[in-house]
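Colleague: Feature list, courtesy of TrEMBL:
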- Asp7: active site (ACT_SITE)
- Asp7, Asp141: Mg(2+) 1 binding site (BINDING)
- Glu68: active site (ACT_SITE)
- Glu68: Mg(2+) 2 binding site (BINDING)
- Asp141: active site (ACT_SITE)
Amino acid sequence: MRVLGIDPGLATVGCGIVERRGGDRLVCLHYEAFHTGSSDDVGARLQQIYDAACTWIDRYSPDVIAVEKLFFNRNVTNAFAVGQARGVIVLAAVQRGLEVAEYTPMQVKQAVTGYGGADKYQVQEMVRLLLRLAERPRPDDAADALAVAVCHAHASMWTEKIREGIGP
């Protein structure tokens, strides 16, 4: 199973491609942070994000897209911007017939580190270990995208094991 993890944002979008091989072995295929033009208007930035998402989907052929759920308790303006970015990413996925899985930041931290209150460093270090990377993934947006992809890879693995145990 190949998962495209995305950490949405209007200024920066994190992308991480993780593949599950041989049951529970995870392999990092690619990660990056995509930056929109800060002087561009919102519509142009959303178009750039949509185009980037389409490129990642077409280039890496994921089976599913995993996206961090919106969770803001303070900055409403930022929440709207992230929501718009998320919307064009989901649109790109749905237009290509892909499932979109959503996870809260706490679910991602729990799946990656075993502790829902983990800090960024702990999450990045566990992503490094789980994906056998030489160093912690940077920048933060790319690391967060890899963490979301790892979260979905783990969740889907357990879902498959449960189905196999319950099946005929």
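Backbone N, Cα and C atoms are what each Cβ position is placed from, and that goes for glycine too.
TrEMBL entries are annotated by machine, without manual review.
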Colleague: Counting only residues 6+ apart in the same chain, whose Cβ is under 8 Å from the Cβ of Asp141 (Mg(2+) 1 binding site)?
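Modeller: Within the chain, Asp141 (Mg(2+) 1 binding site) has Cβ neighbours under 8 Å at Asp7, Gly9, Thr12, Val13, Gly14, Ala33.
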Colleague: Counting across all protein chains shown, how many other Cβ atoms sit within 10 Å of the Cβ of Asp7 (active site)?
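Modeller: Around the Cβ of Asp7 (active site), 26 other Cβ atoms lie within 10 Å.
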Colleague: Are there any residues in the same chain, six or more apart in sequence, whose C-beta is under 8 angstroms from the C-beta of Glu68 (active site), and if so which?
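Modeller: Expected: Ile6, Asp7, Pro8, Glu102, Tyr103, Thr104, Pro105, Val108, Asp144, Val148.
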Colleague: According to DSSP, collapsed to three classes, what secondary structure does Glu68 (active site) have?
Modeller: strand
